[in-house]
């Protein structure tokens, strides 16, 4: 194996989401307003407690680590503690780690940062306990809480935090980053491969980068087929065909497409529901039909999340659409 091949292989084995994670706030893509506010905090060295809310892969963890890097320089890891609030060992273990970190000498810095991920996974009682912990150490610790849904964070915590709402990244921002990484890793990325990565990611940069790395393992060319296979994502036209067949009254054809997606392509029922919801306004249907499809999607999603059989519920949804219900 040549030296160049060895370097390329080593690069493929490294996790790209960490390798290409932005190091400073200026490097963060797609959130200019949020970055501007955060830079203002950092420039004054006057952080408040913060709540980062938004979907996965939109830059919440990246912004937290970038803040620490800019405040503490090369020693940032000594003054930054990252925890997962849904740690299976419970909030008591999390609180113990917070206390130990907060009580440790911190070499001249005014405060340290604790980044608490998945804070919305905590029960209301656990969040109340967390609020008391935040108050106890507010003099020398700043908390950055991360969640998918701010509505699941109790008001007493929200009122103590500056809230930043991260939206899914724009397709252009995701595409730009994917092109950059592909060039850096010497990956031949086709245009349809890029489009597929952007579609599969749906604003989630982490998913796009992971998809690129996984698809590149099978060869140096990443095209549409490789992306859809590795990300377990249905092609948009397959979703469109499945729904249109049902709306046209052809349940058999619609069910055949569903069966292929579930069985041959191994796509989860929940993911099919998500893609249906994303794609509904791309279908050539009137508003009344769109409303009917959305109602069926909502009912099916609810039943699946409650534990019902995915295939049965999806087939029932298609049958309902085929009957004009």
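Indices start at 1 and increase along the chain as displayed.
Backbone N, Cα and C atoms are what each Cβ position is placed from, and that goes for glycine too.
Reduced to three states, the DSSP call for residue 58 (ATP binding site) is coil. Around residue 58 (ATP binding site), the same-chain residues six or more apart in sequence whose CB sits under 8 Å from its CB are 30, 31, 166, 167, 168, 169, 203, 204, 205, listed in sequence order. Sequence annotations record features per position, and here Swiss-Prot assigns ATP binding site to 54, 55, 56, 57, 58, 59, 60, 61 based on sequence analysis.
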**Asked** What is the Cβ neighbour count of residue 60 (ATP binding site) at a 10 Å cut-off, with all protein chains included?
**Response** 25
